[in-house]
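Quick look at what TrEMBL lists:
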- 79-242: domain 'CP-type G' (DOMAIN)
- 88-240: domain 'EngC GTPase' (DOMAIN)
- N128, K129, V130, D131, G182, H183, S184, G185, T186, G187, K188, S189, T190: GTP binding site (BINDING)
- C266, C271, H273, C279: Zn(2+) binding site (BINDING)
Amino acid sequence: MRGRVIKVIGNNCAVHVPEEERVYSCLIKGRVRIQGIRSTNPVVVGDWVHFTPDPQQDVSYIESLEPRRNYIIRRATNLSKESHILAANIDLALLMVTIARPRTSYTFIDRFLATAEAYRIPTEILINKVDDLKPDEEEVMRELTEIYTPLGYPCHPISALQHQGTDALLSLLEGKCTLIAGHSGTGKSTLLNSLIPDLDLATQAISSLYETGQHTTTYSEMYQLPAPHSGWIIDTPGIKAFGTLEMSEEDTSHFFREFFAYSSDCRFANCTHIHEPGCAVLKALEEGRIAPSRYKSYLSILQDEHSGPYRPEQ
């Protein structure tokens, strides 16, 4: 039988079979786990799997895993050689950011966007808590929008708590499997409660001392949009840092859209855009056609290949 994984906790999976509109409780067989030995989670939410239901048992066993169309991957916490896959087979990624309380850095945004770009996952940015911005913070929001919108990353100002701008998202999610990611405290659970009223996910206040979020989601889970809408949303645990993986020095600039556009004019085909003469990317940076924050993020990703676990900006 074929189904899609909608929740994974340890070795236990919930698998949804569309034809039956039924969820089966499954365990991961050892040989399936071996296939993902370099990953902390070999079977992830969004995976399509095959299993044989056992009418004599409450639990079935996943026997095989279909090839993934795409996935979002990051460096596992404190394990520089291990990876953690957030979800697989994604039609759209929504990166939820906040200008303050907590602040989402440009470096975090760019690392996520580069990873999504590497696996050809369309991504849009949700700027949450816009109802609570001070004048100087509104200026930061305008700056963020001016950086990313021209690059083809639409920015949506919303207030999940006040249901501001959230209804319009339903048409964006229609018929898709959408992943929502971001720091803890950016309002992912609040948004899901707004979109799926019967969900009632737990939410927590922001730590007043450090203005950082506290984890309310501890594992990824996929939820179905209520009728008459179709589509699924993958809620993910809050991410403190986004360490990149599987990006070579030669390919990293391909995942920054504006870098890729200018790189064909570089003097050298293997230009790293760091020190080479005749670099069109460096020229665009000097002339203000590339945002300095984007170039800083590019350099930080290059350092990932030569260092240990990524540490977040403070």
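Quick reminder: no glycine exception, Cβ is built from N, Cα and C everywhere.
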Three-class DSSP secondary structure - N128 (GTP binding site): strand
Local Cβ density at H273 (Zn(2+) binding site) - other Cβ atoms counted within 10 Å: 23
All-chain count of other Cβ atoms within 10 Å of C266 (Zn(2+) binding site): 21
For S184 (GTP binding site), the one of C266, C271, H273, C279 that lies nearest, given that the binding-site residues are compared by Cα: H273
Closest of C266, C271, H273, C279 to T190 (GTP binding site), Cα positions, binding-site residues only: H273
Zn(2+) site shell beyond C266, C271, H273, C279, criterion: Cβ within 8 Å of Cβ centroid: S253, S263, R267, F268, T272, I274, E276, G278, A280, V281, L282
Of the binding-site residues listed as C266, C271, H273, C279, the one whose CA lies nearest the CA of K188 (GTP binding site): H273
Between C279 (Zn(2+) binding site) and V130 (GTP binding site): CA-CA distance (Å): 39
Minimum Cα separation from N128 (GTP binding site), reported as the residue among binding-site residues C271, H273, C279 that achieves it: H273
Maximum Cα-Cα separation (Å), residues N128, K129, V130, D131, G182, H183, S184, G185, T186, G187, K188, S189, T190 listed as binding GTP: 19
Neighbour count (Cβ, 10 Å) for S184 (GTP binding site): 20
PLDDT averaged over every residue in the domain 'CP-type G' (79-242): 88
